[in-house]
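Annotated features, as they stand in Swiss-Prot:
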| type | residues | note |
| --- | --- | --- |
| ZN_FING | 15-44 | zinc finger |
| BINDING | C19, C22, H34, C38 | Zn(2+) 1 binding site |
| REGION | 43-83 | region 'Disordered' |
| COMPBIAS | 48-58 | compositional bias 'Basic and acidic residues' |
| ZN_FING | 118-147 | zinc finger |
| BINDING | C122, C125, H137, C141 | Zn(2+) 2 binding site |
| REGION | 150-260 | region 'Disordered' |
| COMPBIAS | 177-188 | compositional bias 'Low complexity' |
| COMPBIAS | 197-216 | compositional bias 'Low complexity' |
| MOD_RES | S223 | phosphoserine |
| MOD_RES | T244 | phosphothreonine |
| MOD_RES | S292 | phosphoserine |
Amino acid sequence: MEGLEENGGVVQVGELLPCKICGRTFFPVALKKHGPICQKTATKKRKTFDSSRQRAEGTDIPTVKPLKPRPEPPKKPSNWRRKHEEFIATIRAAKGLDQALKEGGKLPPPPPPSYDPDYIQCPYCQRRFNENAADRHINFCKEQAARISNKGKFSTDTKGKPTSRTQVYKPPALKKSNSPGTASSGSSRLPQPSGAGKTVVGVPSGKVSSSSSSLGNKLQTLSPSHKGIAAPHAGANVKPRNSTPPSLARNPAPGVLTNKRKTYTESYIARPDGDCASSLNGGNIKGIEGHSPGNLPKFCHECGTKYPVEWAKFCCECGIRRMIL
């Protein structure tokens, strides 16, 4: 090939050889330089040029990476036809109910309950939730079901093994008998009045004895709290807590025995100094405070329970009043 002159220079024209990688043609001298460079660029992936980053350089504009588009979740097939049919059935059932109410005939049966197929049913409580709520609820309901089952096992174990206190105590059965030696009657449990007891002023002794016996028989039907109130009237040695003024004791009301509740509330009046006494039909009876702790029993004569404190007046288990030795 002959050389050609261009712009005062000589350019050699020879045979052009193609590149094996990109397919372009080069002179043999240039192809030696192009070969390794083209091979390197082909094996190495070229980075995309971000023009916005280059424009933001030297300015206050922050360079934010572009957000990648999220793939849209697949759409579920809509159940609009089923929902439409359920809606029509509900309207027809409501119209039939209104017509039956107007005519006064028999009410039609309610339509069957409908469930949304898109909801997920909880295996523990059988309720239905959407996907987001079901993921949170099922774990919570699982823990709740485990706790309830554990509580049920614990309650059955405690029922199978009752406490010793419930095994020891048995409430006494109220039995009436004519024999004087039995201790089942309420009057025999209370201390009997001694011969040196105080007599009521202005009232015959026969009436006092009859009233005390009638009160002793009525103690069986009263609650433990009423027994504690009525017990001081049965014996002369028992000293109740509350008192009445001497003026009330000298002039007793005629309807004391007829109205028990009124008698109990009005006949007990506490003094500010702490000493108490009670009156029934004008008679004064001393309380437990006057006795020393040595004269009082430590255990209940009815159920055998020990009194928690020395000044206890009633049994904390059965409610029977504490006797005096």
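Glycine is treated like the rest: Cβ placed from N, Cα and C.
Where Swiss-Prot records a feature, it is marked here on the structure.
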{"residue": "C19", "record": "Zn(2+) 1 binding site", "Cβ within 10 Å": "15"}
{"residue": "C22", "record": "Zn(2+) 1 binding site", "Cβ within 10 Å": "12"}
{"residue": "H34", "record": "Zn(2+) 1 binding site", "Cβ within 10 Å": "15"}
{"residue": "C38", "record": "Zn(2+) 1 binding site", "Cβ within 10 Å": "18"}
{"residue": "C122", "record": "Zn(2+) 2 binding site", "Cβ within 10 Å": "18"}
{"residue": "C125", "record": "Zn(2+) 2 binding site", "Cβ within 10 Å": "12"}
{"residue": "H137", "record": "Zn(2+) 2 binding site", "Cβ within 10 Å": "17"}
{"residue": "C141", "record": "Zn(2+) 2 binding site", "Cβ within 10 Å": "17"}
In Å, rounded, how far does the Cα of C22 (Zn(2+) 1 binding site) sit from the Cα of H137 (Zn(2+) 2 binding site)?
61
Hey, does DSSP put H137 (Zn(2+) 2 binding site) in a helix, a strand, or just coil?
helix
Can you check what DSSP calls C19 (Zn(2+) 1 binding site), collapsed to helix, strand or coil?
coil
Round to a whole number and give the Cα-to-Cα distance in Å for the pair C141 (Zn(2+) 2 binding site) and C19 (Zn(2+) 1 binding site).
71
Nearest to C38 (Zn(2+) 1 binding site) in three-dimensional space, by Cα, is which of the binding-site residues C122, C125, H137?
H137
Take the mean position of the Cβ atoms of C122, C125, H137, C141, the recorded Zn(2+) 2 site. Which other residues of that chain put their Cβ within 8 Å of it?
P123, Y124, R127, F129, A134, I138, F140, K142
Between C122 (Zn(2+) 2 binding site) and H34 (Zn(2+) 1 binding site), what C-alpha distance do you get in Å?
69
C125 (Zn(2+) 2 binding site) and C19 (Zn(2+) 1 binding site), distance between Cα atoms, whole Å:
74
In Å, rounded, how far does the Cα of H137 (Zn(2+) 2 binding site) sit from the Cα of H34 (Zn(2+) 1 binding site)?
66
What is the separation, in Å, between the Cα atoms of H34 (Zn(2+) 1 binding site) and C125 (Zn(2+) 2 binding site)?
74
